[in-house]
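Feature annotations, reproduced from TrEMBL:
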{"type": "DOMAIN", "residues": "44-434", "note": "domain 'Isopropylmalate dehydrogenase-like'"}
{"type": "BINDING", "residues": "110, 111, 112, 117, 294, 344, 345, 346, 347, 348, 349, 362", "note": "NADP(+) binding site"}
{"type": "BINDING", "residues": "112, 129, 130, 131, 132, 133, 134, 135, 144, 167", "note": "D-threo-isocitrate binding site"}
{"type": "SITE", "residues": "174", "note": "site 'Critical for catalysis'"}
{"type": "SITE", "residues": "246", "note": "site 'Critical for catalysis'"}
{"type": "BINDING", "residues": "286, 309", "note": "Mn(2+) binding site"}
């Protein structure tokens with residue numbers, strides 16, 4: 001019944017007229033006898049569907065691990081690439097505003113189109129990253145934290161505690177204007193004040209021939225929100241906070257990040273940090289990368305947008321797998337949150353799935369996208385039962401893997417590239433094992 005509802009929603013989305021977004025309030029199961037015995041969730045969450053293999057897994061997670069246990073209202077948006085193209089990407093904007101309205105968004109992985117995808121999907125244009133669009137509307141900081149599992153070896157053995165990457169989720173390269181210069185010419189930048197005073201112009205480069213150029217920006221308001229989010233998160237964790245920039249090269253741009261962080265720390269957070277026995281430090285990014293590799297972990301690492309994008313994947317792999325990473329966007333108000341899987345749409349597995357072949361795709365990060373989003377819903381609603389459900393579902397995932405039941409990518413981490421089929425499970429049987437573990441824990445009265 002659940003899958004049918006979502007398939008119908010997707011069909012409606014594909015048939016939508018251009019510029020018409022999809023806002024579908026999924027069935028309110030509280031009106032059905034099926035909902036009896038479920039945990040009641042007072043307020044809705046926003047579900048942002050995605051693409052390819054992760055889209056298939058997304059529906060399985062909802063039908064197997066979420067909706068059987070929760071009486072939950074879901075406001076659904078189809079962010080699959082065909083529907084973004086059909087709506088001229090308005091669906092992405094509408095989804096972001098729905099998250100602002102309801103405070104909790106839970107997002108599936110999506111395709112960011114390149115030239116090849118434009119041709120494959122016959123797109124009207126090369127649409128921007130949906131993640132970038134949503135982050136620019138919500139503002140805030142993306143916190144990515146590894147899921148540490150005892151029997152999954154770490155590529156960096158010294159990382160015995162998690163490293164949380166706080167990625168500034170606004171501006172920079174992700175809202176840049178870039179261009180190709182196809183002939184010799186002069187590249188200039190100018191700033192025209194809104195108050196009508198004289199514009200300022202900067203000469204950037206005289207192109208002797210063809211080349212490329214870019215202009216990007218950020219705002220002081222957003223940087224201040226970034227600083228406060230990171231400092232609040234460090235206080236919550238009780239861990240040291242590091243900010244990394246390249247202010248020796250980008251003296252004005254990165255220098256402003258450094259100065260604002262220091263100012264907010266001194267004026268608003270220094271006493272709180274000292275009382276918790278934690279510190280705030282700025283380091284050059286190249287120095288910090290070396291320090292991070294030598295460390296045991298256990299700190300929050302604040303990074304600009306692009307730096308955070310790169311380093312979060314490195315950190316995830318260092319802990320064993322990109323499939324074992326949570327990702328939560330926290331807006332400056334501290335109330336609005338969007339959780340997502342910190343990986344792509346698993347295109348290679350999708351091609352196999354299209355041929356009718358079974359796949360062993362890791363759903364852990366997507367499951368944690370749901371539990372972390374629902375944890376925030378529980379916090380806002382003061383819903384202890386929902387909070388316990390999230391904690392116990394995450395526990396069931398970890399216990400399932402520690403019992404030796406895992407997907408192929410994790411089995412390779414444990415057994416090496418010569419892994420055999422008896423050492424891993426395909427996606428659906430793996431999720432069935434998680435459900436069995438959760439149900440067994442509840443039946444045994446071990447729910448906490």
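Just so it is clear, glycine is given a Cβ too, placed from its N, Cα and C backbone atoms.
Ranked by Cα separation from residue 144 (D-threo-isocitrate binding site), the binding-site residues 286, 309, 345, 347 are led by 309. The Cβ of residue 246 (site 'Critical for catalysis') lies under 8 Å from the Cβ of 254, 284, 285, 286, each on the same chain and at least six residues away in sequence. Within its own chain, residue 110 (NADP(+) binding site) has 48, 50, 51, 79, 80, 81, 130, 131, 345 as residues 6 or more apart in sequence whose C-beta sits under 8 angstroms from its own. Spanning the listed NADP(+) site, residues 110, 111, 112, 117, 294, 344, 345, 346, 347, 348, 349, 362 have a farthest Cα to Cα distance of 40 Å. A distance of 21 Å separates the Cα atom of residue 294 (NADP(+) binding site) from that of residue 309 (Mn(2+) binding site).
Listed binding-site residues: 130, 132; maximum Cβ neighbour count within 10 Å falls on 130. Pairwise Cα distances among 112, 129, 130, 131, 132, 133, 134, 135, 144, 167, which the record gives as the binders of D-threo-isocitrate, peak at 20 Å.
Highest Cβ count within 10 Å among the binding-site residues 144, 294, 349: 144. Note on the domain 'Isopropylmalate dehydrogenase-like' (44-434): mean pLDDT across this stretch is 95.
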